[in-house]
Amino acid sequence: MNQAASVLRIGRHAVIIAIGILMLYPVLWLLSSSFKPNTLIFSDTSLWPKEVTLSNYITGWKGLQGISFARFFANSAQISILSVLGNVITCSLAAYAFARLEFRFKKVWFSLMLVTIMLPYHVTLVPQYILYNKFEWINTYLPLIVPKWLAHDSFFILLMVQFIRGLPKELDESAVIDGCSQSQIYFRIIGPLLVPALITTAIFTFIWSWDDFFSQMIYLNKVQLFTVQLGIRSLFDPSGESNWGALLAMSVLSLLPIMTIFLSFQKYFLDGIATTGLK
Amino acid sequence: MASARRPSLWRQDRTAYLFLLPWLLGFFCLTLGPMVYSFYLSLTKFNLLNSPRWLGLQNYVQIFTDDASFLQSLKITFQYVLLSVPLRLIFALLVAMALNKGIRALGIYRTVYYIPSLLGGSVAIAIVWKKIFDGDGLFNHFLATFGIEGPAWIANPLYVLYTIVTLSVWQFGSAMVIFLAGLKQIPADLYEASEVDGAGKVRQFFRITLPLLSPVLFFNLVMSIINSFQVFTPGYVIGDGRGGPIDSTLFYTLYLYLKGFSFFDMGYASALAWIMLAIIGAFTALVFVTSKYWVFYGDGKEERG
């Protein structure tokens, strides 16, 4: 009886580990292939390279048309960091108003905010493009950053509204009695307590902006403005003439910032996902 | 300013609207305004250079009566959504249940299973996928060790969609994390009590786990449907960026993109966008309407909104 139970437990562990390896396999293959000489990438299928080289990283880093990947990384970083700041600041302002303040038409605005979460991006895509084109914002980072400073990702507003609703209301009430204004309550009381939700928002925003290939492709078409995603896509030639070694090496580097952030904040991150689902 | 101590309604409003100002600006300039304009454009022909020319319903008529690419892109997208959403959610639920049985090192598994969801949206992983499922790629090497000769998965219009579906199923981690959190909230004594009553595992799953997990399932389902309809990067990178081979990767979003940004037919692209909104809206509404039959909100502890 006991033995059967432990066999079952070991079996379950084996399955879970096997699935885990399967899950990581493509990522490990990418990592290992990026260190293989070009001639061996597809003939040597083992994860442990027979011959290790850094040449893929060196040729890949040279980038496109004389512009190195250092530039693409700097560009992506600039966009992502400014997006994070915008989202964290403006979404938390809106969330505070929805969660704690009373004002006319609050219900209407709140429902509209909820509806925008479900709205597909494509419905506003064409007019937004036309608008940015009129402003002469094409081939600048403004179309990628300005929406974040206008709390356009309502999803994060909702996340923070839910979080603030979980904070005891007595805190603000006593602050009001002590003569605090609303902005003081936001900065001194809600702000510090909101940090876990702010971190979740920051990580999500960073990763989404870093990976957001579609908007980058639409709004940026000068090589010196390219982001990491656009750089990799341009190294990649669908007809099959790509320098695979260089391409895979740069792909590894493109995933590094995301992995680093995820591994350093994974608790916030995974719990953040869990709570958005449960509310 | 005698009202400083006892804020008047107006003053209270003003403070709140100041907090809300960035969002309101965004709502009018980036959502509502563009939506109205997009609807107007969908009734015109407009190529960015000349001013929009009024067509009435002609774009819509053409889409529904004389556009094979539209039907093809709809077919590809429906196939993708109907395959990938259920498969991803079933995987997510099964693995979450396996992980929920007091396994040590749960944190590590949770992290490992989540990594594909984290990286999966990037161009890099789409390229890896394309290489793994190429004719002489890793997957066929693996099949060859069993003496099976695999087809050219990517180059063959019959199979390429399935490789894109596997890429999406591989990313079950984010749904799994949400399921796992839901499973943790189910009180263990419910299972103990039902065991005393002699209920088997299957019965427990359908009588306890599934009903108590239904709000979470509902959330995952709605989000998955909405996101899957909008998939772009994997199809664009794994296919050739124009929907090939033979339109087998012509996802709806890709078709819309090509119409708008390769052919600069902004009116037509807008009409396509409105049809997409209607389709996603219909699917979401269907899930919402049926949800009252299958989503179970416990004893009303979980208030909505």
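Cβ atoms here come from the backbone N, Cα and C positions, even for glycine.
The feature transmembrane segment is assigned by TrEMBL to B:16-40 (among others).
Here TrEMBL flags B:74-287 as domain 'ABC transmembrane type-1'.
Same-chain residues lying 6+ beyond the ends of the transmembrane segment (B:78-99) with a Cβ under 8 Å from its Cβ atoms: 106, 109-110, 113, 161-162, 164-165, 168-169, 171-173, 175-176, 178-180, 183, 209, 213, 217, 220-221, 224-225, 228-229, 231, 251. Among the features that TrEMBL reports, transmembrane segment is placed at B:78-99 (among others).
The feature transmembrane segment is assigned by TrEMBL to B:111-129 (among others). Counting same-chain residues at least six beyond the ends of the transmembrane segment (B:111-129), those with a Cβ under 8 angstroms from any Cβ of the stretch are 95, 99, 163-164, 167-168, 170-174, 176-177, 233-234, 236-238.
Nonlocal intrachain contacts for the transmembrane segment (B:159-183), taken as residues 6+ away from its ends with a CB within less than 8 angstroms of a stretch CB, comprise 76, 79-80, 83-84, 87-89, 91-93, 95-97, 99-100, 110, 113-118, 120, 125-126, 129, 133, 151, 153, 209, 212-213, 215-217, 219-220, 224, 228, 231, 234-235, 238-239, 245, 248-249. Per TrEMBL, the feature transmembrane segment maps to B:159-183 (among others).
With a threshold of 8 Å between CB atoms, the same-chain residues lying at least 6 positions outside the transmembrane segment (B:204-226) that come near it are 81, 85, 88-89, 92-93, 97, 175, 178-179, 181-183, 185-186, 190-191, 194-195, 280, 283-284, 287-288, 291, 294-298, 302. Taken from TrEMBL, the feature transmembrane segment covers B:204-226 (among others).
Annotation source TrEMBL lists transmembrane segment at B:271-295 (among others). Listed by sequence, the residues of this chain that lie at least six past the ends of the transmembrane segment (B:271-295) yet keep a Cβ under 8 A from its Cβ atoms are 38-39, 42-43, 59-60, 63, 70, 214-215, 217-218, 221-222, 225-226, 229, 252-253, 255-256, 259.
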